[in-house]
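Taken verbatim from Swiss-Prot:
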TRANSIT   1-36  transit peptide
DOMAIN    37-307  domain 'Deacetylase sirtuin-type'
BINDING   58-77, 140-143, 249-251, 275-277, Cys293  NAD(+) binding site
BINDING   Tyr102, Arg105  substrate binding site
ACT_SITE  His158  active site, proton acceptor
BINDING   Cys166, Cys169, Cys207, Cys212  Zn(2+) binding site
Amino acid sequence: MRPLPVAPGRLFSQLCCGPKPSASPQSKICLTMARPSSNMADFRKCFANAKHIVIISGAGVSAESGVPTFRGTGGYWRKWQAQHLATPLAFAHNPSQVWEFYHYRREVMRNKEPNPGHLAIAQCEARLRDQGRRVVVITQNIDELHRKAGTKNLLEIHGTLFKTRCTSCGNVAENYKSPICPALLGKGAPEPDTQESRIPVHKLPRCEEAGCGGLLRPHVVWFGENLDPAILKEVDRELARCDLCLVVGTSSVVYPAAMFAPQVASRGVPVAEFNMETTPATNRFRFHFPGPCGVTLPEALAPHETERIS
């Protein structure tokens, strides 16, 4: 999996495009910490005092809703994993196959619901908003389950399955049609022996802007593409201001998102990882809570005894 290039930003330009900033003594302690704590009571103290919480979410959160990840053992659509299909080169070479893949993913999501992890995050955001506190979700997921759960402060850094972008005029539009075009009806079956449809390009999703008619593509960030600089600027601002960070259901291997939480930890801010297993970044964080996010997050984000509940 090739790291994604990153647009320069105040935090990220030094991390990914040049020399790393020298760490303060406090951040050096955090970055070399060998055994993060799993003490929920200690985390809850940090949570009670936090005024600006950033939650970085990945595929592990949605996997608990039954969303396919297309990664790791068994993570295939037909004979391919996501990194073989989610690329500009794959779309240029075979747009029919790529659209079949995304049509399948769109149709799967119509029957998926937010799980207790998504709901705990959304309920926490709403509750703390009434107390003058801020919760922001930065998600790598493209399934819109955070939206469906009720999250309002949401940065979908990799885009969404339910938006398209015209390859001719660049227009971005929401699209919840099922199927997205008639030619994809009944297509996209994931089994390895499925015959490829080879849909003619002129029958694939087309732009509906007046006078255009260009080929549409999913409005998602593919491997090898830059993230939207405007979204990265918002991410930069939220990470710089947060006083508590949660990393939930992410493997911490896809860049630039893999460096968001370590950058926060480097300035001494508490970071808590919620994941089924450890990751390459685990030892940089103050807390690590193993297990399903749908189990650990409701406890972690429940109302604290010090909260003003109206």
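Note that Cβ sites are derived from N, Cα and C of the backbone, with glycine treated the same way.
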Gly58 (NAD(+) binding site) versus recorded positions Tyr102, Arg105, His158, Cys166, Cys207 - nearest by Cα: His158
Length of the line joining the Cα atoms of Gly249 (NAD(+) binding site) and Cys169 (Zn(2+) binding site), in Å: 36
Sparsest-packed of the listed binding-site residues (Ser62, Gln140) - C-beta count within 10 angstroms: Gln140
Among Tyr102, Cys166, Cys169, Cys207, which are recorded as binding-site residues, the nearest neighbour of Met276 (NAD(+) binding site) by Cα: Tyr102
Packing count at Cys207 (Zn(2+) binding site) (other Cβ atoms within 10 Å of its Cβ): 20
Cβ atoms near the residue listed as 'active site, proton acceptor' (within 10 Å, other residues, all chains): 21
Three-class DSSP secondary structure - Tyr102 (substrate binding site): helix
